[in-house]
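Asks: Dumping what TrEMBL says about this protein:
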TRANSMEM  46-66  transmembrane segment
TRANSMEM  73-90  transmembrane segment
TRANSMEM  110-131  transmembrane segment
TRANSMEM  152-172  transmembrane segment
TRANSMEM  192-211  transmembrane segment
TRANSMEM  271-289  transmembrane segment
TRANSMEM  318-339  transmembrane segment
TRANSMEM  351-371  transmembrane segment
TRANSMEM  610-630  transmembrane segment
TRANSMEM  642-666  transmembrane segment
REGION    674-699  region 'Disordered'
COMPBIAS  681-699  compositional bias 'Basic and acidic residues'
Amino acid sequence: CSGFPLSIFFIVINEFCERFSYYGMRAVLTLYFKYFLGWDDNFSTVIYHTFVALCYLTPILGAIIADSWLGKFKTILSLSIVYAIGQTVLSVGSISELSDHNQDGSPDNISLHIALSMIGLILIALGTGGIKPCVSAFGGDQFEDDQEEARSTFFSLFYLSINAGSLISTLVTPNIRAAQCGIHTKQECYPLAFGIPAILMAVSLIVFVSGSKMYKKVKPQGNVMLQVCKCIGFAIKNRFRHRSKQFPKREHWLDWASEKYDKRLIDQIKMVLKVLFLYIPLPMFWALFDQQGSRWTLQATVMNGDFGLQVQPDQMQIVNPILIVIMVPVVDYVVYPLIKKCKINFTPLRKMTVGMFLASMAFVAAALVQVQIDKTYPVFPAADQTQIRLMNLGDLPATVQFQPQLQRMDVEPKTATNYMIFKTSELQSLSIASGAQNQSYSFVALQGGKRYTFAFKHSGIVIVPNLMLDNVTSKPDKGNNLIRFINNYGFPVNVSLDDKDFVVLPPLSAGNYSIIPGGNRQYIIKSRTSISSCTTLAKKFGFGSAYTISIDDCTRGILNITYFEDIAPNSVHMAWQIPQYFLLTCGEVVFSVTGLEFSYSQAPSNMKSVLQAGWLLTVAVGNIIVLIVAGASKLSKQWAEYVLFASLLFAVCIIFAIMATFYTYVDPNEIEAQFDEEEKEDKKNQDHHEKESEADSKM
């Protein structure tokens, strides 16, 4: 079809579905750990990066199975089945009704859900990692040797399908996750968020099998990685056996393998090891890069996602693939030519050094954003402290004195003070002066570590007080808001929100906090008393706020209310994450693309897979670094951890720059031509010696 083998269209569609499945599942994974399984930020990060590390360790296993045993087709087929089963198990494990026997919306046996989730993720890691090195190579096998141009076009289509799958899934899946679903109670729809990737993986498998009769299936021809490992192992073992001084030293430790392996293979491995030595510092880059799906997603959960449309925290990851599409041509056709015109020798290793520096600066930017976020967090009392806020619901100003002579506050009508912190043991009573009235109130059984609101109102005759426990111990998560109502009428009132009965309140009493979703939605607040019914349109509550709303009075059917901000909404906008994504993406473009190009340019043609395995291994080790730091870190502030990672990468960047100065670039084609020439010469000499031997024998 148009010069292409028809079979490659099945492979491209298969890859799109598989990448949609993987990135869609991975986009919501951290929030699933945090909100559904109930793990804290650090443990969620540890498990996320353990999973990603496993996904980048298993490709080595997949390549060995494909090249040495099953072949690419059977490897892709069998591991895709494992993959699809894993996605299905993960989706089933996220169904709360599986163990929600009391139908309260929360799993009663969380261990069951954790077990299913972990089994699912292990199967997914085996599947996605195992087929990773096989699919593109299998697609390349479909072309004949004279179809170089068509093969090149296929790889462009192949990588386009990868980016399209990841881009669309990262956009769609978080919205599915944020939707409400459930049999008994409505909650975030993780079963569907994982279920759709599972369906796409099943579709991917069906599409791949459908083209079975059209595929060109190359038989396994042995894996060069095993050969390289055996050669290195033999050299080490042989050197250890001959460690005595009576054996002469050899030019290179690999030369100890010459008794068993030919000189050409040994020299090729030497070239590969030179490149792999440069890989040693690289995992630190990936340690920062892959935190887009963990720490940066968690950072977005406490930010304002109002872009006109509500953007989910896990959707911010889409900034990276969008910027990749923009930055790759800009860097290739604008930045690099400008640098060349300035006569700067911007070698591949220098490009990679700049990429590492940009990634470290991305984490400095993330730390600066985190500092601003931290400023918006409410301060809660310690165990031996109590916080009290004064709320004047009357029409007259008041002066409040905390006893014994602790603090004096003036409170204007229909206003509230900020929360004030006192030692619980020292706070005994307060006195209120308003109008001609002066009244005292004694605190009985105040609890340490708690927040209280002391509401009062001058009724014309007496000052009516009410001490309310504010049962909020942290900022609302998931971008949700908390609201409660307080009755400022002189008689009971029934409050409803969007025509749903909310609470019935006696005079000067408050209801409990209730959760409402964050965003731009405005609710209709309605109050009903024995003599009137009034409505009003509520303000936009934003994300992560808590409000006490006073039901004051009614004017011609319009409800008059007063908002008291208990916890400020998320005020730092998600758009402030874009600079850190931009810096990290620029770093990726000059580091990752250049790194692969450099690796392939410095290795013999039959050793490309060894370098690909080494490259994937650096990604795995990078994720292992994150889980070690996240698991062992004693830093109490998230911005400090960002600075730590930025500092580590900057230090590694300097080390890599020094290593790069000692590297000598080679041309593998020239060296391979030299190998060919030497082999021809050796063969020629061998033939000459054989002829001489024959001549001697005849004589």
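Keep in mind that glycine also has a Cβ here, set from the backbone N, Cα and C atoms.
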Asks: By Cβ distance under 8 Å, which residues at least 6 away from the ends of the transmembrane segment (318-339) in the same chain are close to it?
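Replies: Distant Cβ neighbours of the transmembrane segment (318-339) are 163, 166-167, 170-171, 292, 346, 577-578, 581-582, 584-586, 588-590, 593.
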Asks: Under 8 Å for C-beta pairs, could you tell me which stretch among 46-66, 110-131, 192-211, 271-289, 642-666 has the largest tally with the transmembrane segment (152-172)?
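Replies: Comparing 46-66, 110-131, 192-211, 271-289, 642-666 against the transmembrane segment (152-172), the winner is 192-211.
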Asks: Same chain only, please: residues at least 6 beyond the ends of the transmembrane segment (110-131) with a C-beta under 8 Å from a C-beta of the stretch. Say none if there are none.
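Replies: For the transmembrane segment (110-131), the sequence-distant neighbours (Cβ-Cβ under 8 Å, at least 6 residues beyond its ends) are 18, 22, 25, 32, 36-38, 51, 54-59, 61-62, 65, 75-76, 79-80, 82-94, 96, 98-99.
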Asks: Using a cut-off of under 8 Å between C-beta atoms, tell me which stretch among 46-66, 73-90, 271-289, 351-371 contacts the transmembrane segment (192-211) the most.
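Replies: Selected stretch: 73-90, with the most Cβ pairs under 8 Å.
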Asks: Looking only at the recorded stretches 73-90, 271-289, 351-371, 642-666, which one has the largest tally of CB-CB distances under 8 Å to the transmembrane segment (46-66)?
Replies: 73-90
